[in-house]
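Enquirer: TrEMBL lists these features:
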- LYS10: active site (ACT_SITE)
- 71-149: domain 'GHMP kinase N-terminal' (DOMAIN)
- PRO99, HIS100, GLY101, ALA102, GLY103, LEU104, GLY105, GLY106, GLY107, SER108, SER109: ATP binding site (BINDING)
- ASP141: active site (ACT_SITE)
Amino acid sequence: MVLTIQAPAKLNRFLAVLGRRADGFHALELVTTVLDGVSDLMDTLEGAPAQALSLAISGPTGEGLVADETNLVIRAWRLLEAAAKRPLPAALKLVKRIPHGAGLGGGSSDAAAALRLGNRLFELGLADGDLLRMAATLGSDVPLFLLGGTVLGLDRGERVFPLRPVPLEPILLVHPGLHVSTPSVYRALQDVGYPAPEPLASQPEGAAPPWRNDLTAAALRVCPALAEVRETLHATGAEPLLCGSGSCWAGRYASPAARDDARRRIALQNPGWKTWSV
Ligand SMILES: C[C@@](CO)(OP(=O)(O)O)[C@H](O)COP(=O)(O)OP(=O)(O)OC[C@H]1O[C@@H](n2ccc(N)nc2=O)[C@H](O)[C@@H]1O
Ligand SMILES: Nc1ncnc2c1ncn2[C@@H]1O[C@H](COP(=O)(O)OP(=O)(O)O)[C@@H](O)[C@H]1O
């Protein structure tokens, strides 16, 4: 039996930093939407039972990514093996399309996909709660991908609650080909000064969350070149929002036509940048 699971990217539509915790992590409030409708911004994980565990990586963003014990897919698999108390030998194939270090959660999404794939492939019978606990040990962003849809994230982001879906505005994602490290951005919060903690106010039914990311100043400190993307989006009439810890930006437009027009202009001016319509 061969099983294939899609691993979509995510968009943090609201990210508030509420403080630094004793364990060094930051207390967050997040509203994140899993982008399951953007086919060219999705990784794919395929698996079949085999003699031994192996992972093959391909795809446009697969280059340079190692398929060893540090890969989040293998780390997720080892957790499944520990829960099953037996080896789970399988041939895994990961096709990468989500850029890494872009704030789009590709590695976290792959980890969540691996948990779901292994549970089904070997009929382990792990409940959603078990998978959520395992996901939280792999990374703060992994549990939200198990829920899908639009998710409220609390604590370090790993305590997740499904939210009523709020349609996405016309959005253009722009990736300038830069890699930004998440830990370095959280560390830089100390240099730029912590933002005033402002939790999400209760929202009217069906309203989109405020377009806010408290990591923006810290990410610009780590990678000043990010400012050029923000300015370019501004010049096309968008409200720009940094994706997580960067390096991707999301531009929000008044209409799909304005978004599509901006996409054409940005592609002409910056042929090295990648764009996706959401
Ligand atoms: C910023 C966000 C927003 O969704 O996404 P990305 O930009 O990475 O996609 C997340 O908080 C990234 O979550 P994730 O990438 O899973 O982080 P983890 O592996 O748990 O932690 C990596 C490092 O980030 C810092 N970290 C992470 C989460 C958090 N609430 N506080 C932190 O200080 C810590 O230094 C930690 O060592
Ligand atoms: N399967 C994977 N896909 C992508 N990155 C991975 C994977 N496994 C481990 N990593 C590591 O996680 C880092 C962060 O990747 P990713 O989650 O895609 O970006 P971001 O944190 O910006 O959303 C990468 O630079 C890489 O070193």
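Every residue gets a Cβ built from N, Cα and C, even glycine.
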Enquirer: For ligand 1, which among the recorded positions LYS10, GLY107, ASP141 have a CB under 6 Å from it?
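Expert: So the answer is ASP141.
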Enquirer: Other than PRO99, HIS100, GLY101, ALA102, GLY103, LEU104, GLY105, GLY106, GLY107, SER108, SER109 themselves, what residues in this chain have Cβ atoms within 8 Å of the centroid of the ATP site's Cβ atoms?
Expert: ALA9, ILE98
Enquirer: Of GLY101, GLY107, SER109, the binding-site residues listed, which put a C-beta under 6 Å from ligand 2? Please answer none if none do.
Expert: GLY101, GLY107
Enquirer: Going by DSSP, is LYS10 (active site) part of a helix, a strand, or coil?
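Expert: DSSP assigns LYS10 (active site) to strand.
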Enquirer: Please report the Cα separation of GLY101 (ATP binding site) and ASP141 (active site) in Å, rounded to an integer.
Expert: 13
Enquirer: Determine, to the nearest whole angstrom, how far the Cα atom of SER109 (ATP binding site) is from the Cα atom of LYS10 (active site).
Expert: 8
Enquirer: Nearest to ASP141 (active site) in three-dimensional space, by Cα, is which of the recorded positions LYS10, PRO99, GLY103, GLY105, GLY107?
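Expert: For ASP141 (active site), the closest Cα among LYS10, PRO99, GLY103, GLY105, GLY107 is found at GLY105.
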Enquirer: Can you tell me the CA-to-CA distance separating GLY105 (ATP binding site) and LYS10 (active site), as a whole number of Å?
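Expert: On Cα coordinates alone, these residues lie 6 Å apart.
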Enquirer: Among the binding-site residues PRO99, GLY101, whose Cβ has the fewest other Cβ atoms within 10 Å?
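Expert: Per-residue Cβ counts within 10 Å for the binding-site residues PRO99, GLY101 bottom out at GLY101.
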